[in-house]
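**Q** This structure is in structure tokens; I'll ask about it shortly.
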Amino acid sequence: MPIQSHLIFDFNMGPQAFVLCKCLIDNFTIHDGHVAIRGSTLDSVLFRVGVIAALRSKKLDGLAVGVMVTASHNPEQDNGVKVVDPRGEMLEGSWEAHATNLANAPTTDDFLAVLDTLIRTTKIDISKPARVVYARDTRPSGVALVAALEDGLSAIGAEGRNAGVTTTPILHYLVKAINTKNTPESYGDDSEEGYFQKLGTAFQNLVAGRPPLEALLIDCANGVGALAASTLTEYLDGSLSLILENASISTPGALNFACGADYVKTMQRLPPSLADRLKPGQRACSLDGDADRLMYYYLDERGIFHMLDGDKIAALVAAFIVDLVKSAGLENEVKVGVVQTAYANGASTKYLAGRLPVKCVATGVKHLHHAAEHFNIGVYFEANGHGTVLFSPSTQSKLALYQPSTPAQSTALKHLINLTQLINQTVGDALSDILLVEVVLAHKSYTGIEWDSLYVDLPNRLVKVVVNNRNAFRTENAERRLLSPPGLQSKIDELVRRYDGGRSFVRPSGTEDVVRVYAEAVVRSQADELAFRVAGLVYDAAGGDPSKRPKEFL
Ligand code: NG1
Ligand code: ZN
């Protein structure tokens, strides 16, 4: 059945995920990070994803591989697929090339021929078992896609486990829990219940004895987060009240529409549906369509919207963990670091860099996740609200064996150990991140206002420029400087110098056919002006028609 929608392959996933198709043909439009498919028969692609995931599992001796059908924060008519690797590594380049060929084979005969080559060249023992655990978000098109995926799994004789309608981070949890079952590294019971139990128990341990916080309002983006947040409530046992808004998962077209984390971050405003729901000073947050992004915010007494984005979450959480490490007497042994991208607000970088090591990496969760693994405790968040905290295996063992010498050290140690249970370390997880934020707020007795005042965001502006060939834009230094088109970077530098606190950079998007321009400055009007002027330079350098130059580009 042809489905008129977009299928998105996400290349920007964490190391747990790989993406199958880098250069698809005909119906497929390629955008580095994602591959969008318009008006194509998606069923055959999902069938092949099933086969590829099963082969990946066979190659890894039957370890479970995950497949998530979702298009995250994108509109409801889009859909996509992410494959979750059991070992938390990126797919080998050679294997990825074979997988690409498999997905692109024009006919069934070609498909079988490529399959045969893949099995031979990667030395897959086809008699090995294959296990694939899969799930989907609430998009209506997901039903047919999952059915096609199941056909692919049956065709190759893989054992499939349907995890139903759930969040991307829960699917990641399940993959890790299945593969570590009955081992010393057991990640938890391999069920949704195990996930909620793990988070709920750790949260209750962490807030025990603290005065309860005011209820938190959650904008569920009319997506699967509504189901998961509702179940989570049962496991919190009254330790935190959640008020679920935008929880209409069966209203056509409602998913991510004028709500959700991406809306809040992009528009820098409250979802209109919450306007008469939120009291001044009350904390609220938005999830995205698959619940792996989180934005907090509040309205002040004058009704002005204040956004607490991924950078503010990183600042809150990193400072808290550094304090706990110190209180536990472990500051010489456990080093905490933060990983950001160039999109992190300059004020957040300044705040964090005064307290702990901060590393800047290229956009894309895989870069952040890898860099965070180099710290004993690595905190990473994208400004858009995707992030988590990684405790290295040696740090986890150290915490388990450490003998505290005072009651205060013992308490801090217990908190750290509970944090390793509360945080979903496989991938950014909006629900786990909510609980993490709420723990810190409870410990610090902070409202949103105090949290917000850790530092003041520099006004910033993100602009898209549509160009003929965004591959003409090449970058260096964690995407902060342009190598080409020649001469453009020095023009940007010259412009930036004229703005107080000015910073701007240009990079090609990995997920859309545009070039992104980011700018910040001390004053809002200056940040806007700088962004539009740099966008104008980009437009000219890309050979745009001067008569069609967007008027806001000055
Ligand atoms: P691109 O399109 O490469 O800028 C966007 C986000 C990334 C990341 C990916 C999704 C911005 C500026 N960019 O990437 O942070 O979330 O989508 O994988 O938010
Ligand atoms: Zn998402």
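Cβ coordinates come from backbone N, Cα and C, glycine included.
Note that the structure is a prediction, hence the values are computed from the model and not measured.
So TrEMBL lists these for the protein:
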type     : residues                                                               : note
DOMAIN   : 61-99                                                                  : domain 'Alpha-D-phosphohexomutase alpha/beta/alpha'
BINDING  : SER72, ASP288, ASP290, ASP292                                          : Mg(2+) binding site
ACT_SITE : SER72                                                                  : active site, phosphoserine intermediate
DOMAIN   : 125-181                                                                : domain 'Alpha-D-phosphohexomutase alpha/beta/alpha'
DOMAIN   : 209-294                                                                : domain 'Phosphoacetylglucosamine mutase AMG1'
DOMAIN   : 309-446                                                                : domain 'Phosphoacetylglucosamine mutase AMG1'
BINDING  : GLU382, ALA383, ASN384, ARG507, PRO508, SER509, GLY510, THR511, ARG516 : substrate binding site
DOMAIN   : 484-535                                                                : domain 'Alpha-D-phosphohexomutase C-terminal'
**Q** The domain 'Alpha-D-phosphohexomutase alpha/beta/alpha' (125-181) vs the domain 'Phosphoacetylglucosamine mutase AMG1' (309-446): three or more C-beta pairs under 8 Å (separation of 6 or more)?
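**A** Answer yes, regions in contact.
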**Q** Give the maximum pairwise CA distance in Å, whole number, for the residues GLU382, ALA383, ASN384, ARG507, PRO508, SER509, GLY510, THR511, ARG516 listed as binding substrate.
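**A** So the maximum pairwise Cα distance among the substrate binders is 17 Å.
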**Q** Which residue, out of the binding-site residues ASP288, ASP290, ASP292, GLU382, shows the minimum number of other Cβ atoms inside 10 Å of its Cβ in this structure?
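**A** Output over binding-site residues ASP288, ASP290, ASP292, GLU382: least Cβ neighbours within 10 Å is GLU382.
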**Q** Just checking: which of the binding-site residues ASP292, GLY510, ARG516 have a C-beta under 6 Å from ligand 2?
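**A** Listed by sequence, the hits are ASP292.
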**Q** Given SER72, ASP290, GLU382, ASN384, GLY510 as the binding-site residues, which ones have a Cβ positioned under 6 Å from some atom of ligand 1?
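**A** By the Cβ criterion, which requires under 6 Å to ligand 1, the hits are GLU382, ASN384, GLY510.
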**Q** Judged by the number of other CB atoms within 10 angstroms, which among PRO508, GLY510 is the least packed of the binding-site residues?
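**A** Ranked by other Cβ atoms within 10 Å, the binding-site residues PRO508, GLY510 bottom out at GLY510.
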**Q** Out of SER72, ASN384, which has the highest number of nearby Cβ atoms, where nearby means within 10 Å of its Cβ, if these are the binding-site residues?
**A** SER72
**Q** Roughly how many Å separate the Cα of ASP288 (Mg(2+) binding site) from that of GLY510 (substrate binding site), to the nearest whole number?
**A** 19
**Q** So for ARG516 (substrate binding site), how many other CB atoms are inside 10 Å of its CB?
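**A** A count of 22.
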